[in-house]
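In what follows, a structure is listed as structure tokens, so that the remarks can point back to it.
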Amino acid sequence: MEMINKENLSSQAKLWNFIYGFADSLVLKSAVQLDLANIIHNHGSPMTLSELSLHLPSQPVNQDALYRVLRYLVHMKLFTKSSIDGELRYGLAPPAKFLVKGWDKCMLGAILTITDKDFMAPWHYLKEGILNDGSTSTAFEKALGTNIWDYMAEHPEKNQLFNEGMANDTRLIMSALVKECSSMFDGITTIVDVGGGTGTAVRNIAKAFPHIKCTVYDLPHVIADSPGYTEINSIQGDMFKYIPNADAIMMKCILHDWDDKECIEILKRCKDAVPRDGGKVIIIDIILDVKSEHPYTKMRLTLDLDMMLNTGGKERTEEEWKKLIHDAGYKGYKITHISAVQSVIEAYPY
């Protein structure tokens, strides 16, 4: 009887944690909005509640509310709590370093993008995606009345937030790619980053390999929001209509936005854009392995649902990637796993 009660208690606790799972995301969002990690980091040592209060963006501060949020952040193991000279002080646990501004692995943009009210809205339409009413609309379209691409073009402030979030993710990926896959760029003199956003990814390549002429290629409203890095060229266009020629075409987190038919169309255009002698397409995307015990497995499965809801796309297993590349008329591929959520697929058209 005692064992059954313990099992019930554990099961109920698990369900309650699922029910309130959103709390972790939104408490994290509030910590970012209040700039708590940067305040403590800039102070140089753990801070008391009253010290933290004095540095918040507006006064007066509800210290009881702040205390309770900090208590939750400590339980999340993002912040630390210690007693120094008889006073309770709050510091930063290791994961909180990714909340500190000013370094290439800062994740603030990604946090604010993913927890934005509009970007969370499609998750409320997951049921409708399963009980298909004959509609081809994505959950994003059901929630916000338009597809994600038109929404971004019509809401420049959200587009900027989205681009900042993607740039955060890109910096994490490209840091690993450049360090762990440098031989991938041997023999390449030109590369085009298709759907490359504001140019963060290809700029990392330009810095690491100055001899490579790097170009970012994306929609006009995306290029318009680009900082205009001097190391790279920018071209506006639509990948379904034209892809500029280069020794290598790179696509980071692009194909997961689309269904198989559209991916094959994109891959065929990429094939036409690279030379027969040594040309290749570099795909940076997730490879699903549901049996894996990797720390990123749950996140990869979450991103698969995210793609389904927002774009109608999907994350793919290696077998699905193999079929996609074969159906696009490519001769072969090579997979390299890197220290990131994504892996690298070198697809060889000829």
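Glycine is no exception: its Cβ is also placed from the backbone N, Cα and C atoms.
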According to Swiss-Prot, which candidate in Gly145, Gly187, Gly195 joins Met166, Thr170, Asp218, Asp238, Met239, Lys252 at the S-adenosyl-L-methionine site: Gly195
Residue from Asp150, Asp169, Asp186, Asp225 that Swiss-Prot also lists as binding substrate with Cys253, Ile254, Leu255, His256, Asp257, Asp306: Asp169
Most Cβ neighbours inside 10 Å, all chains, among the binding-site residues Asp169, Asp238, Asp306: Asp169
Neighbour tally for Gly195 (S-adenosyl-L-methionine binding site), based on other Cβ positions within 10 Å of its Cβ: 19
Three-state secondary structure, which DSSP defines for Asp257 (substrate binding site): helix
Neighbouring C-beta atoms (10 Å sphere around the C-beta of Asp218 (S-adenosyl-L-methionine binding site)): 25
Binding residues Met166, Thr170, Gly195, Asp218, Asp238, Met239, Lys252 (S-adenosyl-L-methionine) - maximum C-alpha distance in whole Å: 21
